[in-house]
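Single-structure report; data block below.
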Amino acid sequence: MRPSYFISDLHLSEKHPELTELLLRFLRSAAAGQARAVYILGDLFDFWVGDDEVSELNTSVAREIRKLSDKGVAVFFVRGNRDFLIGRDFCRQAGMTLLPDYSVLDLFGSNTLICHGDTLCTDDKAYLRFRRIVHCRRLQKLFLMLPLKWRTRLAAKIRRVSKMEKQVKPADIMDVNAAFTARQVRAFNAERLIHGHTHREHIHHENGFTRIVLGDWHNDYASILRVDGDGAVFVPPEEC
């Protein structure tokens, strides 16, 4: 059967065109074109202030994802902590199916739980409080009513504050909480978990299940996970 591919944490922006080029190369590759599905598990973009923002970056990415979708490859998207405001309009434009925070897939007979990963970092209490606020539907609606220029400035300010806070936070609280993660996997009756967010690419075998962490994309490196009947493996971009 055809494989599925998983990516996350590309953090695309105009400042890093090399990352956009890496993604476009992957989407145009023979491997992606022959896939059963491609799953984007959040933080496709470095920030997102609304589907009404039109830029060359957003348009080119949506165009290439749509081309892949038109070939018969199912493309699914889970919102991340940077692009949680991506809505149905952009997903429709790109030919992507928007998934909830948690979904369970039957991947070659293995029940697999997928998510972005930020909700698993339960030791970071300050972030979870912030997340609850920005995920309030009423506040999101009010934010999206602001002029685009204001939203962009506010998003930039929030990113600066977040970057400064990360520099002083203990590294362990920014990783997943092992006990909570194991409970989530059991609650969804899964035997494998795939997530991103922490940027700590690795395949863990723990607590009776497999936890696969997708890495972030940086410089000329793309973290791409291929899952097929033989299992799950990270593949370099040149093999795609």
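FYI, residue positions are counted from 1 along the chain as it appears here.
The backbone N, Cα and C atoms fix where each Cβ goes, and this holds for glycine too.
What you see is a predicted model, and the numbers here were worked out from it, not measured in a lab.
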**Same Mn(2+) 1 site per Swiss-Prot - residue from Asp43, Asp51, Asp52, Asp230 joining Asp9, His11, His199** = Asp43
**Prompt:** Rounded to the nearest angstrom, how far is the Cα of Lys169 (substrate binding site) from the Cα of Asp9 (Mn(2+) 1 binding site)?
**Reply:** 20
**Same-chain residues at least 6 apart in sequence whose Cβ lies under 8 Å from Lys169 (substrate binding site)** = Asp124
**Prompt:** Among the binding-site residues listed here (His11, Asp43, His116, His199), which has the Cα closest to the Cα of Arg82 (substrate binding site)?
**Reply:** Asp43
**Prompt:** For Mn(2+) 2, what surrounds Asp43, Asn81, His116, His197 with a Cβ no more than 8 Å from their Cβ centroid?
**Reply:** Ser8, Asp9, Leu41, Gly42, Arg79, Gly80, Arg82, Gly117, Asp118, Gly196
**Request:** Calculate the distance in Å between the alpha carbons (Cα) of His116 (Mn(2+) 2 binding site) and Asp43 (Mn(2+) 1 binding site), and round it to a whole number.
**Result:** 8
